[in-house]
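Taken straight from TrEMBL:
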DOMAIN    A:353-574  domain 'Cation efflux protein transmembrane'
REGION    A:485-512  region 'Disordered'
TRANSMEM  A:55-73  transmembrane segment
TRANSMEM  A:94-111  transmembrane segment
TRANSMEM  A:148-164  transmembrane segment
TRANSMEM  A:210-229  transmembrane segment
TRANSMEM  A:241-260  transmembrane segment
TRANSMEM  A:280-298  transmembrane segment
TRANSMEM  A:353-372  transmembrane segment
TRANSMEM  A:384-403  transmembrane segment
TRANSMEM  A:415-439  transmembrane segment
TRANSMEM  A:459-479  transmembrane segment
TRANSMEM  A:517-538  transmembrane segment
TRANSMEM  A:544-566  transmembrane segment
Amino acid sequence: MEDKYSSNVLSGGKLGMVEVPDSRLTRYIVLLILSKILKALGIFESYDILKVVHIVQFIFILKFGSAVILLVFQKPFSSGKVISKRQWIKLVKHAVSSCIISLLGFFGLTLCGPLRTLLLFEHSDVVVVALLGVLFTNSGGGPSKTRGAAFFIIAVICLLLFDNDQLMAKMGDHHPEGHHDSALTHFLYTAISLLGVADHKSKVDSWSSLVVPFAMIIFSVVILEFYVEAVCSAKMEAPRCARYGAFALFPAALALANFWTGPLRRPPPTQLATEHVLSGGVIVSAVFFVIASSILTAPSKKGQKGTLVGYSPEGTPLYNLMGDALQHTSQSLPRFIKDSLKQILEEYDSRQIFYFLCLNLAFTFVELFYGVWTNSLGLISDGFHMLFDCSALVLGLFAALMTRWKATRIFSYGFGRVEILSGFINGLFLMVIAFFVFVESVSRLLDPPNINTDMLTPVSVGGLLVNLVGICAFSHAHAHSHGGKSCSSQDHGHSHHGHSHGEHGHAHGGHGHSHGVFLHVLADTLGSVGVIISTILIRQFGWLIADPICSLFIATLIFLSVIPLLKDACEVLLLRTPPEQEKDLNSALEKIEKIEGVLSYRDPHFWRHSANVIAGTVHLQVMSDVVEQRIIQQVTAILKDAGVNNLSVQVEKEAYFQHMSGLSTGFQDVLAMTRQMASMKYPNDGTLIL
Amino acid sequence: MLPLSIKDDEYKPAKFNLLLKLSGWFRSILADKTSRNLFFFLCLNLSFAFVELTYGIWSNSLGLISDSFHMFFDCTALLAGLAASVISRWRSNDSFSYGYVRAEVLAGFVNGLFLIFTAFFIFSEGVERALEPPDVHHERLLPVSVAGLLVNLVGIFVFQHGGHGHSHGDGGHGHSHSLFNGSLSHGHGGHGGHGHSHDGHGHSHDGHGHSHDKHGDHGHMDDGFSAGVLLHIIADTLGSIGVIISALLMQKYDLMIADPICSMLIALLIGVSVVPLLKESIGILMQRTPPSLDNALPECYQRVQQLQGVYNLQEPHFWTLCTDVYIGTLKLLVAPDADTRWILSQTHNIFTQVGVRQLYVQIDTAAM
């Protein structure tokens with residue numbers, strides 16, 4: 001009984017269709033994977049054969065061979081029903097279209113190599129149907145499917161745009177006498193030459209030498225795949241089949257593409273570049289294809305996850321399918337983005353941060369693109385640094401959003417603390433940056449580099465402009481720039497604005513905060529002034545040492561200005577009694593002790609949860625003859641005056657206190673005792689659920 | 001009528017003696033095995049860094065100096081861990097009514113963040129190198145990486161009781177490239193890579209110290225955490241192997257691209273392995289309901305609501321103070337004629353059984 005209703009079984013979450021465990025299907029999965037790998041091998045092989053055989057001949061041989069073999073095995077004429085005329089027409093249509101498809105497929109193979117063909121062409125019908133369903137129908141199957149489709153599309157785009165396969169360019173000039181640079185051709189060549197029937201340079205001389213590869217292709221690409229797919233889809237669901245197929249096929253193709261041009265090959269002396277190069281785009285797109293097909297074929301989880309909310313009077317478990325589970329996982333991504341955008345734009349603070357983030361990001365991307373275009377490493381690395389800084393901004397934005405989320409069952413106090421955490425993280429960010437600026441400036445102090453002031457001007461002016469925009473946008477806030485680092489040509493001229501804003505979100509909390517903000521502003525102003533001064537010094541007098549000194553100064557200032565912020569955040573995170581309320585709370589506690597009937601209080605804990613929530617708990621010992629409710633109300637009122645707005649008071653009468661103090665001293669013993677008691681006692685009381 | 005609340009203001013010495021304080025800290029560090037090991041390791045690292053710094057200044061090698069600063073940076077993480085292990089043993093006072101136990105969690109969080117920073121920097125450097133592979137002098141990479149592995153092994157032996165010591169000397173690996181190409185502003189000295197792998201190790205250790213605290217206490221009840229530890233170990237091992245492989249590839253086949261790819265991979269591994277740690281500590285810092293109680297609590301609520309006289313249960317808040325201490329508050333709406341004392345003790349019983357040690361139950365009587 002106990003087991004059956006234990007929470008593990010109940011709130012495991014799955015109510016829907018049960019998947020057969022993988023262990024029972026291992027045989028079929030292995031078979032499937034093997035057949036997929038063989039298929040990849042076959043495609044690679046046929047690519048090589050297609051170089052010597054014309055495509056029409058190739059397809060004819062392929063179809064003919066497979067037809068003969070299948071005829072022998074399946075016996076379509078001697079078994080089964082007679083085919084009607086209408087079915088014949090269908091058959092012919094099917095045959096023609098499949099011929100055209102394979103013609104196109106193999107033509108593509110000759111054009112763009114086996115790996116890309118595999119990536120584009122060999123998708124299971126389940127995946128394609130799911131993709132089309134997402135793209136062109138409304139009921140695509142939820143957010144996860146949309147994600148899968150997005151992955152798929154990204155993969156295709158990656159393959160189209162970022163894959164500079166220079167096969168076409170090389171084809172003409174490098175090997176005019178035919179492509180014998182691929183591994184298999186060489187392998188075949190050597191193998192055949194061993195047999196004594198060697199030639200593959202001219203168009204097909206000896207068809208006999210191609211029998212083995214053709215047989216292999218027919219076997220692996222057509223026959224084996226057909227049977228294995230049939231068996232596997234009989235034993236497993238089709239989506240699973242497709243998933244494992246994709247898992248096997250794409251990595252196998254990648255590996256083959258790598259190795260066949262790699263160590264297996266006997267390197268031809270004239271040839272330096274391999275024909276089908278593994279570019280980053282192909283790898284990325286292969287990974288994305290695998291992810292996409294695994295997502296698209298994953299069984300729809302909708303409505304299968306629930307949280308246990310309790311038991312009905314009959315004892316059957318009740319699930320809440322709409323609660324926490326939905327809030328985080330099942331919201332569709334586009335809608336989530338739309339909603340959060342709306343929320344961001346609603347509030348002034350977050351709107352400003354958002355605009356600034358957009359500005360920063362645009363600046364970054366312009367920089368990155370320009371850097372890639374002009375192949376300037378300095379700009380690229382600077383762009384990455386700016387992206388890093390943007391992450392702080394994103395964090396602040398995210399925190400501003402998250403604090404407005406409602407409390408859930410899991411996060412019962414709400415998400416107000418995100419703000420503090422993000423302030424803390426931003427502070428740490430700033431510290432790290434200050435540290436690195438410090439280190440770099442020390443190393444420059446010892447060995448001042450030759451600074452190219454030509455680059456300095458546009459970069460620093462740009463940074464200053466962005467900062468000015470920032471200042472205008474957040475006129476109430478402050479923006480800070482240590483473009484000071486931009487003093488060198490290969491370094492960074494970005495504004496660290498972002499940080500300050502993230503923190504600013506909660507900067508109005510108290511004295512400590514405003515102090516921190518003041519310091520911050522001071523540091524920033526001095527920093528900007530420092531940059532200008534160092535620029536002038538370098539320009540006018542050629543004092544290169546001014547730059548590292550200036551950066552040292554800025555780093556120290558940042559460091560000092562961040563410390564109070566970090567200290568505040570740490571105190572909140574360590575659950576300190578809020579310093580501003582400390583006096584009020586002490587006097588409130590004294591007042592509580594004077595309430596009539598209160599003996600004393602125990603374990604008073606007060607802590608700030610977020611900017612506007614102060615939580616508190618206190619135990620009260622009261623005399624046994626007073627009305628508890630009245631005391632609770634009085635205490636709540638007193639503490640509310642002191643600023644505590646999330647309070648719970650536990651009122652204890654003396655006998656109870658004895659009991660509880662016993663409980664807390666010999667914890668383990670009492671725990672064992674209570675367990676024993678519970679097992680004996682509850683059935684009598686009728687308090688146990690079962 | 002005895003006052004049960006104690007203010008320990010009176011017991012504090014009026015003026016702090018710095019020497020006394022230092023010796024007190026020292027003693028408290030040495031008292032516990034974990035913090036002692038941490039301390040020795042920190043000393044080792046710091047002395048190494050100082051030797052490097054003085055040698056760098058003496059020989060006027062810029063690479064060595066900047067490398068020693070990197071080591072100091074990594075030492076800060078170690079220092080944070082050490083400080084946390086001392087601070088978390090401080091008594092609670094009026095201001096910090098729960099004591100300082102959370103420092104431990106905070107230190108874990110900071111360490112996780114630092115690791116993420118490191119991973120990010122290595123990653124971006126890897127991307128730069130992948131775009132423009134520098135000419136790496138790989139003759140010295142293999143001995144250095146093997147030495148890093150050895151140092152890590154020593155670390156594992158020293159901290160053996162903790163379950164795992166983990167090495168990402170490879171964390172330093174990212175830096176050590178730049179020293180091998182000896183190029184621009186961030187070139188390091190020749191044996192800097194070694195130092196790096198040291199400190200990467202040290203600062204990983206501090207994560208280790210942290211995880212050790214947790215592991216010892218409740219490692220058995222929290223599968224997620226031990227999974228995180230496992231992940232960490234796997235990531236580190238793979239990382240070391242990756243460095244050696246890339247060194248071999250560069251030596252045998254001249255595949256220069258292997259190096260940045262390897263460091264990117266390592267960065268990813270570090271990032272991934274840190275995520276569970278970060279997630280857990282963020283959960284604690286945000287007063288999340290303890291994951292280990294997720295399943296048990298609804299049942300408890302149910303049982304409390306079935307108690308005689310309880311109408312309703314409101315505002316249940318459960319959160320983790322530090323690793324093993326759970327705190328809960330809840331409000332019960334009860335019938336006017338209910339036996340509140342019985343309800344109170346029953347509620348305490350119910351929640352004590354699932355491990356909530358400190359419980360505050362406010363009993364509100366429903367209006368008639």
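A Cβ is built for glycine as well, from the same backbone N, Cα and C atoms used for every other residue.
Most Cβ pairs under 8 Å to the transmembrane segment (A:94-111), among the stretches A:55-73, A:210-229, A:241-260, A:415-439, A:544-566, belong to A:55-73. Nonlocal intrachain contacts for the transmembrane segment (A:55-73), taken as residues 6+ away from its ends with a CB within less than 8 angstroms of a stretch CB, comprise 46, 49, 99, 102-103, 106-107, 110, 214-215, 217-218, 221-223, 226. For the transmembrane segment (A:415-439), the neighbouring stretch richest in Cβ pairs under 8 Å, chosen from A:280-298, A:353-372, A:384-403, is A:384-403. Counting Cβ pairs under 8 Å to the transmembrane segment (A:384-403), the stretch among A:210-229, A:241-260, A:280-298, A:353-372 with the most such contacts is A:353-372.
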